[in-house]
Amino acid sequence: MKIGILSQFPQLYSTQRLVAACESRGHEAVVINTLNCYMNINSIKPSIHYEGQELVGFDAIIPRIHASVTFYGCAVVRQFEMMGVFVANDSISIARSRDKLRALQLLSRKGIGMPITGFANKPNDIPDLINMVGGAPLVIKLLEGTQGIGVVLAETKTAAESVIEAFLGLKANILVQEYIKESNGSDIRCFVVGDKVVASMKRQGPEGDFRSNLHLGGCGETVKITSVERKMAIAAVKAMGLVVAGVDILRSNRGPLILEVNSAPGIEGIEQTTGISVTEPIVEYIEKMVAARKTNRPIIA
(Lines of atoms letter the chains of each structure in order from A and count residues from 1; the text may use other names and numbers.)
(Lines give C-alpha, C1' and ligand atoms only; values in the text may rest on other atoms or scores of the structure.)
Protein backbone atom coordinates (compact mmCIF):
# COMPACT_ATOMS: atom_id res chain seq x y z
CA MET A 1 0.00 0.00 0.00
CA LYS A 2 0.91 3.64 -0.38
CA ILE A 3 0.31 5.38 2.94
CA GLY A 4 0.53 9.13 3.44
CA ILE A 5 1.45 10.59 6.82
CA LEU A 6 0.10 14.11 7.23
CA SER A 7 2.62 15.90 9.43
CA GLN A 8 4.34 19.28 9.53
CA PHE A 9 7.31 17.72 11.29
CA PRO A 10 9.00 14.96 9.23
CA GLN A 11 11.91 14.57 11.67
CA LEU A 12 9.68 14.17 14.74
CA TYR A 13 9.95 10.84 16.58
CA SER A 14 6.25 10.12 16.01
CA THR A 15 6.50 10.70 12.27
CA GLN A 16 9.65 8.61 11.89
CA ARG A 17 8.16 5.74 13.88
CA LEU A 18 5.07 5.72 11.66
CA VAL A 19 7.26 5.68 8.56
CA ALA A 20 9.29 2.78 9.98
CA ALA A 21 6.14 0.82 10.89
CA CYS A 22 4.74 1.23 7.37
CA GLU A 23 8.00 0.23 5.69
CA SER A 24 8.58 -2.74 8.01
CA ARG A 25 5.28 -4.18 6.78
CA GLY A 26 6.16 -3.67 3.12
CA HIS A 27 4.31 -0.43 2.45
CA GLU A 28 5.44 2.82 0.88
CA ALA A 29 5.30 5.70 3.37
CA VAL A 30 5.14 9.32 2.19
CA VAL A 31 5.37 12.20 4.67
CA ILE A 32 3.18 15.10 3.52
CA ASN A 33 3.44 18.55 5.09
CA THR A 34 -0.19 19.44 5.78
CA LEU A 35 0.27 23.17 5.19
CA ASN A 36 1.92 22.63 1.80
CA CYS A 37 -1.15 20.86 0.42
CA TYR A 38 -3.57 22.81 -1.74
CA MET A 39 -6.90 21.61 -3.06
CA ASN A 40 -8.92 21.57 -6.25
CA ILE A 41 -12.54 21.42 -5.09
CA ASN A 42 -14.96 20.48 -7.85
CA SER A 43 -17.88 18.14 -8.43
CA ILE A 44 -16.13 15.92 -11.00
CA LYS A 45 -12.69 15.00 -9.67
CA PRO A 46 -11.62 16.66 -6.42
CA SER A 47 -7.87 16.54 -5.92
CA ILE A 48 -4.99 17.57 -3.69
CA HIS A 49 -1.79 19.08 -5.03
CA TYR A 50 1.59 19.23 -3.34
CA GLU A 51 4.75 20.99 -4.51
CA GLY A 52 3.38 21.29 -8.05
CA GLN A 53 2.20 17.70 -8.33
CA GLU A 54 -1.18 16.06 -7.87
CA LEU A 55 -1.23 13.55 -5.01
CA VAL A 56 -2.48 10.27 -6.47
CA GLY A 57 -2.40 6.56 -5.71
CA PHE A 58 -2.76 6.73 -1.94
CA ASP A 59 -4.52 3.86 -0.21
CA ALA A 60 -4.61 5.43 3.23
CA ILE A 61 -3.74 8.56 5.18
CA ILE A 62 -2.58 8.82 8.80
CA PRO A 63 -3.42 12.36 9.98
CA ARG A 64 -1.05 13.89 12.53
CA ILE A 65 -2.71 17.30 12.59
CA HIS A 66 -1.12 19.79 14.98
CA ALA A 67 -3.58 21.74 17.12
CA SER A 68 -2.40 25.06 15.66
CA VAL A 69 -3.54 24.05 12.15
CA THR A 70 -6.74 22.17 12.98
CA PHE A 71 -8.95 24.12 10.56
CA TYR A 72 -6.68 23.72 7.53
CA GLY A 73 -5.64 20.21 8.52
CA CYS A 74 -9.25 19.05 8.71
CA ALA A 75 -9.89 20.57 5.28
CA VAL A 76 -7.02 18.51 3.84
CA VAL A 77 -8.22 15.32 5.53
CA ARG A 78 -11.76 16.00 4.28
CA GLN A 79 -10.45 16.37 0.73
CA PHE A 80 -8.75 12.96 0.95
CA GLU A 81 -12.08 11.55 2.17
CA MET A 82 -13.80 13.07 -0.89
CA MET A 83 -11.19 11.34 -3.07
CA GLY A 84 -12.13 7.97 -1.56
CA VAL A 85 -8.91 7.51 0.41
CA PHE A 86 -9.16 5.73 3.77
CA VAL A 87 -8.19 8.02 6.66
CA ALA A 88 -7.22 6.65 10.08
CA ASN A 89 -9.06 9.52 11.81
CA ASP A 90 -11.70 11.36 9.80
CA SER A 91 -12.03 15.14 9.67
CA ILE A 92 -15.26 15.34 11.69
CA SER A 93 -13.82 13.26 14.53
CA ILE A 94 -10.62 15.32 14.66
CA ALA A 95 -12.65 18.54 14.83
CA ARG A 96 -14.88 17.11 17.58
CA SER A 97 -11.95 16.15 19.78
CA ARG A 98 -10.16 19.48 19.27
CA ASP A 99 -13.17 21.44 20.52
CA LYS A 100 -12.82 20.78 24.25
CA LEU A 101 -16.33 21.96 25.07
CA ARG A 102 -17.95 19.88 22.35
CA ALA A 103 -15.86 16.86 23.34
CA LEU A 104 -17.03 17.09 26.95
CA GLN A 105 -20.64 17.46 25.82
CA LEU A 106 -20.28 14.31 23.69
CA LEU A 107 -18.84 12.40 26.65
CA SER A 108 -21.67 13.71 28.81
CA ARG A 109 -24.26 12.54 26.27
CA LYS A 110 -22.79 9.03 26.43
CA GLY A 111 -22.78 9.02 30.23
CA ILE A 112 -18.99 8.76 30.43
CA GLY A 113 -17.49 10.02 33.68
CA MET A 114 -15.56 13.30 33.67
CA PRO A 115 -14.71 16.12 36.10
CA ILE A 116 -17.65 18.47 36.69
CA THR A 117 -17.20 21.32 34.22
CA GLY A 118 -18.71 24.80 33.91
CA PHE A 119 -18.84 27.13 30.93
CA ALA A 120 -20.08 30.73 31.00
CA ASN A 121 -19.98 33.97 29.04
CA LYS A 122 -20.83 36.72 31.55
CA PRO A 123 -18.69 37.90 34.49
CA ASN A 124 -21.76 38.14 36.73
CA ASP A 125 -22.15 34.35 36.48
CA ILE A 126 -18.77 33.69 38.14
CA PRO A 127 -19.87 33.02 41.76
CA ASP A 128 -22.46 30.43 40.68
CA LEU A 129 -20.00 28.94 38.19
CA ILE A 130 -17.45 28.39 40.97
CA ASN A 131 -20.05 26.79 43.23
CA MET A 132 -21.23 24.61 40.36
CA VAL A 133 -17.90 22.75 40.21
CA GLY A 134 -17.56 22.40 43.97
CA GLY A 135 -15.73 25.61 44.82
CA ALA A 136 -12.00 26.21 45.10
CA PRO A 137 -9.51 24.82 44.47
CA LEU A 138 -10.55 24.49 40.84
CA VAL A 139 -8.99 24.32 37.39
CA ILE A 140 -9.43 26.98 34.70
CA LYS A 141 -8.65 26.01 31.10
CA LEU A 142 -8.41 27.98 27.89
CA LEU A 143 -10.42 26.18 25.22
CA GLU A 144 -7.58 26.75 22.75
CA GLY A 145 -4.80 25.51 25.06
CA THR A 146 -2.76 22.35 24.41
CA GLN A 147 -0.11 20.28 26.21
CA GLY A 148 -0.95 21.87 29.56
CA ILE A 149 -0.53 25.44 28.31
CA GLY A 150 -3.38 27.75 29.33
CA VAL A 151 -4.31 25.61 32.35
CA VAL A 152 -4.42 27.30 35.77
CA LEU A 153 -5.06 25.90 39.25
CA ALA A 154 -6.87 28.48 41.39
CA GLU A 155 -6.33 27.58 45.05
CA THR A 156 -8.91 29.99 46.54
CA LYS A 157 -12.27 31.44 45.58
CA THR A 158 -10.74 34.93 45.37
CA ALA A 159 -7.99 33.70 43.05
CA ALA A 160 -10.53 31.84 40.93
CA GLU A 161 -12.71 34.93 40.56
CA SER A 162 -9.71 37.05 39.56
CA VAL A 163 -8.44 34.60 36.94
CA ILE A 164 -11.90 34.00 35.46
CA GLU A 165 -12.61 37.74 35.31
CA ALA A 166 -9.27 38.34 33.60
CA PHE A 167 -9.87 35.66 30.96
CA LEU A 168 -13.45 36.76 30.28
CA GLY A 169 -12.27 40.36 30.10
CA LEU A 170 -9.92 39.31 27.31
CA LYS A 171 -12.86 37.62 25.52
CA ALA A 172 -11.17 34.24 25.98
CA ASN A 173 -13.28 31.09 26.03
CA ILE A 174 -12.61 29.10 29.18
CA LEU A 175 -13.76 26.01 31.02
CA VAL A 176 -13.98 25.91 34.81
CA GLN A 177 -13.44 22.40 36.13
CA GLU A 178 -13.43 20.68 39.49
CA TYR A 179 -9.98 19.86 40.85
CA ILE A 180 -9.45 16.15 41.51
CA LYS A 181 -7.12 16.45 44.47
CA GLU A 182 -6.67 12.73 45.00
CA SER A 183 -5.10 12.33 41.54
CA ASN A 184 -2.10 14.16 43.01
CA GLY A 185 -0.86 15.67 39.75
CA SER A 186 -0.98 12.39 37.84
CA ASP A 187 -3.10 10.84 35.13
CA ILE A 188 -3.27 7.71 32.99
CA ARG A 189 -2.60 7.96 29.25
CA CYS A 190 -4.21 5.14 27.27
CA PHE A 191 -3.24 4.74 23.61
CA VAL A 192 -6.22 3.35 21.73
CA VAL A 193 -6.28 1.84 18.24
CA GLY A 194 -9.69 0.66 17.08
CA ASP A 195 -11.27 -1.33 19.90
CA LYS A 196 -8.05 -1.95 21.82
CA VAL A 197 -5.92 -0.12 24.36
CA VAL A 198 -2.51 -1.05 22.94
CA ALA A 199 -0.44 0.70 25.64
CA SER A 200 -0.91 2.73 28.78
CA MET A 201 1.26 4.69 31.18
CA LYS A 202 0.97 6.79 34.30
CA ARG A 203 2.15 10.39 33.93
CA GLN A 204 3.26 12.33 36.97
CA GLY A 205 3.75 16.09 36.92
CA PRO A 206 6.89 17.76 38.30
CA GLU A 207 6.91 18.43 42.03
CA GLY A 208 4.60 21.34 42.80
CA ASP A 209 2.83 21.18 39.40
CA PHE A 210 -0.60 19.58 39.06
CA ARG A 211 -0.19 19.20 35.28
CA SER A 212 1.16 15.81 34.20
CA ASN A 213 2.10 16.61 30.58
CA LEU A 214 5.47 15.14 29.61
CA HIS A 215 6.16 18.27 27.54
CA LEU A 216 6.13 20.26 30.79
CA GLY A 217 8.69 18.07 32.53
CA GLY A 218 6.42 15.31 33.77
CA CYS A 219 7.62 11.71 33.85
CA GLY A 220 6.01 8.47 32.77
CA GLU A 221 5.94 5.00 34.29
CA THR A 222 4.29 1.73 33.36
CA VAL A 223 0.89 1.08 34.86
CA LYS A 224 -1.71 -1.67 34.83
CA ILE A 225 -5.12 -0.24 34.04
CA THR A 226 -8.36 -1.71 35.32
CA SER A 227 -11.04 -3.26 33.12
CA VAL A 228 -13.25 -0.25 33.90
CA GLU A 229 -10.53 2.17 32.77
CA ARG A 230 -9.97 0.13 29.61
CA LYS A 231 -13.66 0.12 28.69
CA MET A 232 -13.98 3.82 29.48
CA ALA A 233 -11.01 4.74 27.27
CA ILE A 234 -12.45 2.81 24.33
CA ALA A 235 -15.91 4.30 24.91
CA ALA A 236 -14.46 7.83 24.96
CA VAL A 237 -12.69 7.26 21.63
CA LYS A 238 -15.90 5.90 20.11
CA ALA A 239 -17.84 8.92 21.39
CA MET A 240 -15.53 11.14 19.33
CA GLY A 241 -15.71 8.84 16.31
CA LEU A 242 -11.94 8.42 16.35
CA VAL A 243 -9.87 5.32 15.56
CA VAL A 244 -6.43 6.31 16.86
CA ALA A 245 -6.39 8.41 20.02
CA GLY A 246 -4.78 9.07 23.35
CA VAL A 247 -7.17 9.15 26.29
CA ASP A 248 -6.22 10.87 29.55
CA ILE A 249 -7.89 9.44 32.65
CA LEU A 250 -7.87 10.74 36.22
CA ARG A 251 -8.24 8.28 39.08
CA SER A 252 -10.71 9.79 41.54
CA ASN A 253 -12.57 8.69 44.65
CA ARG A 254 -15.69 8.18 42.53
CA GLY A 255 -13.90 6.16 39.87
CA PRO A 256 -12.02 6.97 36.65
CA LEU A 257 -12.79 10.29 34.95
CA ILE A 258 -11.97 11.24 31.36
CA LEU A 259 -9.89 14.38 31.15
CA GLU A 260 -9.25 14.58 27.40
CA VAL A 261 -9.28 12.63 24.13
CA ASN A 262 -6.37 13.48 21.83
CA SER A 263 -6.62 12.73 18.09
CA ALA A 264 -2.85 13.05 17.52
CA PRO A 265 -1.34 11.59 20.70
CA GLY A 266 2.39 11.69 21.31
CA ILE A 267 4.15 8.44 20.49
CA GLU A 268 7.65 8.92 21.89
CA GLY A 269 6.70 9.16 25.56
CA ILE A 270 4.48 6.10 25.69
CA GLU A 271 6.77 3.91 23.57
CA GLN A 272 9.86 4.77 25.57
CA THR A 273 8.03 4.34 28.87
CA THR A 274 6.32 1.03 28.08
CA GLY A 275 8.64 -0.49 25.48
CA ILE A 276 5.53 -1.24 23.39
CA SER A 277 5.20 -0.23 19.74
CA VAL A 278 1.99 1.71 19.21
CA THR A 279 2.71 2.41 15.54
CA GLU A 280 2.56 -1.19 14.32
CA PRO A 281 -1.05 -1.65 15.55
CA ILE A 282 -1.98 1.53 13.65
CA VAL A 283 -0.60 0.13 10.38
CA GLU A 284 -2.16 -3.29 11.04
CA TYR A 285 -5.53 -1.64 11.58
CA ILE A 286 -5.18 0.30 8.31
CA GLU A 287 -4.29 -2.90 6.44
CA LYS A 288 -7.44 -4.61 7.69
CA MET A 289 -9.70 -1.66 6.93
CA VAL A 290 -8.34 -1.02 3.44
CA ALA A 291 -8.56 -4.73 2.57
CA ALA A 292 -12.16 -4.84 3.79
CA ARG A 293 -13.08 -1.81 1.68
CA LYS A 294 -11.54 -3.34 -1.44
CA THR A 295 -13.42 -6.61 -1.03
CA ASN A 296 -16.60 -4.97 0.29
CA ARG A 297 -16.42 -7.14 3.39
CA PRO A 298 -18.15 -5.93 6.57
CA ILE A 299 -15.69 -3.79 8.51
CA ILE A 300 -15.15 -4.95 12.09
CA ALA A 301 -13.00 -2.51 14.06
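Using the three backbone atoms N, Cα and C, a Cβ is placed for every residue, glycine included.
Other Cβ atoms within 10 Å of the Cβ of Asp187 (ATP binding site) number 25 in total over all chains. Annotation note: Asp187 (ATP binding site) sits in a strand segment as assigned by DSSP. Under the heading ATP binding site, Swiss-Prot lists Lys141, Glu178, Tyr179, Asp187, Arg211, Ser212, Asn213, citing sequence analysis as support.
According to Swiss-Prot, the feature Mn(2+) 1 binding site maps to Asp248, Glu260. Taking the Cβ of Asp248 (Mn(2+) 1 binding site) as centre and 10 Å as the limit, one finds 20 other Cβ atoms among all the protein chains shown. Secondary structure from DSSP puts Asp248 (Mn(2+) 1 binding site) in a beta strand.
What Swiss-Prot records for Asp248, Glu260 is Mg(2+) 1 binding site. Non-local contacts of Glu260 (Mn(2+) 1 binding site) by the CB criterion (under 8 A, 6+ apart in sequence, same chain) comprise Lys100, Ala103, Val247, Asp248. In the three-state DSSP scheme, Glu260 (Mn(2+) 1 binding site) is classed as strand.
Per Swiss-Prot, Mg(2+) 2 binding site is recorded for Glu260, Asn262, and the stated evidence type is sequence analysis.
For Glu260, Asn262, the entry in Swiss-Prot reads Mn(2+) 2 binding site, with the evidence type sequence analysis.
Mean pLDDT across the domain 'ATP-grasp' (104-287) comes to 91 in this model. Annotation source Swiss-Prot lists domain 'ATP-grasp' at 104-287, citing sequence analysis.
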### Summary
Around the Cβ of Asn262 (Mg(2+) 2 binding site), other Cβ atoms within 10 Å, all chains included, total 23
### Query
Taking the Cα atoms as reference points, how far is Lys141 (ATP binding site) from Asn262 (Mg(2+) 2 binding site) in Å?
16
